[in-house]
Amino acid sequence: MQDGDIEITDISPDGQLKVLQYIASNCYTRNGRRIPPPETWISLPVSMTVNNTANKFTIVGCDSYGFVFGRRLDRNYTTGCTAMCDSMQDLVEGSCMGLGCCRNDIPRDVWRVEIDLRSYENHTNVWDFNNYKDECTVPGLNNCKHGCVNTVGGFHCPCPKGYHGDGREGCSSGPRGQSLMLKLVAGIAVGVIGLLLALCCLYLELKRRRSNRKKQKFFLQNGSALLQEKLIRRERSPDTVKIFSSSELAEATNNFHGSRIIGQGGFGIVYKGLFPDNNVVAIKKSKRVDPNQIDQFINEVIVLSQINHRNVVRLLGCCLETEVPLLVYEFIDNGTLAINIHNQAKARFLDWSMRLKIAAETAGVLSYLHSAASTPIIHRDVKSDNILLDHNFTAKVSDFGAPRFVPLDKTQLSTMVQGTFGYLDPEYMQTNQLTEKSDVYSFGVVLVELITGRKALSFDRPEDEQNLANFFLSVLKKEQLLQVLNDNIVGEGNIEQITEVAKLAQGCLHVKGGDRPSMKEVVMELEGLRLGGKHSWAHTEQNAEEMESLIGEGFDGLAYGDGNSTIAGYDSLRDHVVLPISGGR
């Protein structure tokens, strides 16, 4: 209570607490200065309230008025009263109706109380009949030998200058060896403490300057000048992509405390950040950065900030004052699609219509990135962990940790490729090339996850079921789809629609990228199914050799870890340019 210590005098069996608190006062010194009153407020947890029947706001005195205010339920309140009188004869014994005493009820449901007492004339018009007493002038009370100083509620007896001792018993001018020694020791102690404080202040100042120099170094090293130049060149305000300071993000994440971690993976760690204006964000702290690719990083920040799609996690800005640049994204509050379909408690809230909606929204984003965006982008790490859901279960594609930009004037560039086992395009293992159709393959795995509720890769399953894509294709080949459907979508009377989506997933999982549909075609199919249409391009007869997945070939003896391991290699891209970024949700 009250953010500090407060004495509790009694706790009754019915849950009522009695506490000891100061009495509010309004007093002045003999020079007319107001004496600071004691703190007379109390703040309780919202679940506890002040007993309004046992507590009353009462003022005793003349020329006095006061207020009691604070918080009641979820709003403020204020009340008060005035006590006045011109002489002692005005007072009525036992009465508290405003003459020398006033009283007011405290409202119900109050959990914070503050009191403010004041006087209209600083009590100057009632000095002649109030209870003030100068003890120094009272005969028989003042027993000082050399002088008396009146104080509030009493007096004290000082010794003259150059003397020491008790002013009541007498003052002495003799040796004061012990007192001098104490003063000497105290002086030395004060000096040492002062020196230590000065050294501490000097150390903190030097540390602050070193920190500022390091921040400035990283700020320039991470391409701040290039970022602002590009923003201005595009005739956009530098505030469009906000450049956050490292201190802002440290404060928002409680200095990147472990309790603020909401996700982590191969690219880095994602923290939940809360700014003073209660704006919640997601802050991506990457594990690594290539200093030779800062220009590409800045280009990605510019391009990603221009993505304007309701189903894409929006990039709000970045921080360049740290060794590894930080990216700040909008915060999506309902977790990942992976959590919502692989957790049994959450999966029961995702019926088939909702899963189909999420699939269509995700496909729409990928189609937009491949063709409609100002600069075509290949996501290259499409997976259920990188699809977030808001409180309305609207899909938000995230983690452009390794996106692939496709400008028209570039022909070839070799760069680092990253992907996740279970989602990685099998054609890449033979061609060493990622394309838009690689995103199509990964999206096909996500479709299978939505249909079956199974993880893309799990070594807890039998060997022939560990890779979900391979297992699903074999199930379709055996015409055993009903045996692998997720329990949460069975029995909704939509088996025909589910079958069509399964065929669509089968098409996305073709070994040859050229045989897969484009994301634009996938969107049309899914939207058609949502409106009651049929699958238009999938064929009932599938070439078994084409549908045989290559995942697993060439990886004998490779440890996969927990099934979410990330593979890295080099890729020669024809008609593509890849700009790596350590981004995130």
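Cβ atoms here come from the backbone N, Cα and C positions, even for glycine.
Unlike curated records, TrEMBL annotations are generated automatically.
The local packing around Lys285 (ATP binding site), expressed as other Cβ atoms within 10 Å of its Cβ over all shown chains, amounts to 22. Annotation comment: TrEMBL describes Lys285 as ATP binding site.
Marked as domain 'EGF-like' by TrEMBL: 132-172. Under DSSP, residues within the domain 'EGF-like' (132-172) fall into helix, strand and coil as 3 helix, 12 strand, 26 coil.
Annotated domain 'Protein kinase' per TrEMBL: 256-538, in sequence order.
Annotation source TrEMBL lists transmembrane segment at 180-204. Sequence-distant neighbours of the transmembrane segment (180-204) (same chain, 6+ residues past either end, Cβ-Cβ under 8 Å): none.
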**Item:** Integer mean pLDDT for the domain 'Protein kinase' (256-538)
**Value:** 84
